[in-house]
Every structure is written in C-alpha cells, then in structure tokens.
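What Swiss-Prot records for this protein:
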type	residues	note
ACT_SITE	His48	active site, proton acceptor
ACT_SITE	Glu75	active site, proton acceptor
ACT_SITE	His199	active site, proton donor
BINDING	Asn12, Arg23, Gly200, Gly221, His222	3-amino-2-oxopropyl phosphate binding site
BINDING	Asp14, His15, Arg50, His55, Thr105	1-deoxy-D-xylulose 5-phosphate binding site
SITE	Glu156	site 'Transition state stabilizer'
Amino acid sequence: MSAMEKLRLGVNIDHVATLRNARGGALPDPVRAAVLAEQAGADGITAHLREDRRHIRDADIAAIMEAITIPLNFEMAATDEMQEIALGHLPHAACIVPERREERTTEGGLEVAGDDNRLAQYIAPLKDAGIRVSLFIAAERSQIEAAARIGAPVIELHTGAYCDYDAEGDVAARDAELARLIAGAKLGVELGLEVHMGHGLNYDTVAPIAALPEVAELNIGHFLIGESIFVGLEAAMTEMRARMDAAR
C-alpha cells in the first residue's frame, strides 16, 4: 500500500450506548452518534453487539445501517447466534473478536492458531454472503499466519498493550510492543492481508501507528466518545483525523 494512501478512520460508537444503558432509557442515541460521526468524516462505523448486550442492542444494528451511508463494521463473537444476526443484516464487514463476560472491554486477541479449523468453517458463510471478515488478533506471527491460512481477508491488530504501556510511562515496553505491531503489519501485508489496528488509541498514541504504510484503517471509539463530552464529537474527530494525516 502506498504511504500516500489515506488512512481510514472507523469510529466505534459502543460507549454512547454504554451511557444510554446506564439509565435504561433511549438517550443518548448511538444511532445519532453514528450519523454525526459520518457527517464529521468517519470512513466507517464500528458497533460491537456483545452476547450480554451491555451496550449495543439488537435493534441498534438495523437502525444504524438504515441511518448511515458509510460501511458498518459489525464486531461479534464467533457464536452461532452472532453468525445468524450478521447474515440477517449483511453489514459491510464483520470483525470476529474474543469475548469473556467478566471483562470490561475486549482484553486480548482472538485465538486463531489453536482454533483454525472451526474458525475457517465459521467465517465461510459470512464470506459467501459478501461480508468482509476481519479477525481481531494480537500481533503474533502464529496468529497472523493462521488468519491468512483460514482465508480471512483482513486482520485488526490489537493496540491495547501498546497504549497501556504508554499510559503507564513504560517507554521500553511501549516501544517493544510498537515494534511487534510494526512487524505484524509487515507480515500481514506479505501474506496478502489487509491490516487494520485498534484498541485504546488516543491523541498521544495514534501517530506512530498511523505512520505505518501497511495499515489501511484505524478503529477508535472509547477515547473519541470520552473526548466528545468536553469538545463535541466533530471536534474530537477532526483533531484525531489531523493527527492521523500528519503522521502519514
């Protein structure tokens, strides 16, 4: 991929739904957030329908798809229920993520290398339906190679550890994790995969990731929604977009 190619920004609106569900009502509406994100220049919207429905609800998916003209990236666990929902809605993309009920957010990458036969069979109907499948994985050679082996066209590399080390001020660990992400992105492209990255990115951590020519898309949610409380979603996205473009 050319280093001059525009880096896409996918905006995850899950935590608008988290705030809505804290009171059990209808507001703030994640569908409105998706529309505003599109108006502010998002290249796609990401929404994760978790098995416990802790933020996004079933009805939100159809409503978001009806309200936006940009692609929806539907995050989902590799369960029969979620496969049925994805095939019913036919979003542009489906990102398969690991899920544990006790976690606050997606804590690790999907285990592909040890579950490749099942996952190959699982993603086949999604691909056949025209859904672009991605796998949310750690930047580990075994996982990236397994993703390519089972026929997933896209991987999203987990940037959470890199961002956590940065927040803790552990420069050595942060830089080591960044090196892993760089190597993972290069390997992914070598294997014919489209490479995305996401999880925990903010204004301080986005530039080194955005600078990688192998990366086609970043998915950012929690930070943008949090920042929007203070400056508004459009301003938060504009600043993020500027930092991404400057790094490119």
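For all residues, glycine too, the Cβ spot is worked out from N, Cα and C.
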Cα within 10 Å of Asn12 (3-amino-2-oxopropyl phosphate binding site): which of the recorded positions Arg50, His55, Glu156 qualify?
none
Measure the Cβ-based neighbour count of His199 (active site, proton donor), defined as the other Cβ atoms within 10 Å of its Cβ.
26
Using only the Cα atoms of Asn12, Arg23, Gly200, Gly221, His222, which the record gives as binding 3-amino-2-oxopropyl phosphate, return the largest interatomic distance in Å, rounded to a whole number.
25
At the level of the C-alpha atoms, what whole-angstrom distance separates Glu75 (active site, proton acceptor) and Gly200 (3-amino-2-oxopropyl phosphate binding site)?
16
State the count of C-beta atoms found within 10 angstroms of the C-beta of Gly221 (3-amino-2-oxopropyl phosphate binding site), not counting that atom itself.
25
Which ones, of the recorded positions Asp14, His55, Glu156, His199, Gly200, His222, have a Cα no more than 10 Å from the Cα of His48 (active site, proton acceptor)?
Asp14, His55
Once the chains shown are all counted, how many other Cβ atoms turn up within 10 Å of the Cβ of Arg50 (1-deoxy-D-xylulose 5-phosphate binding site)?
20
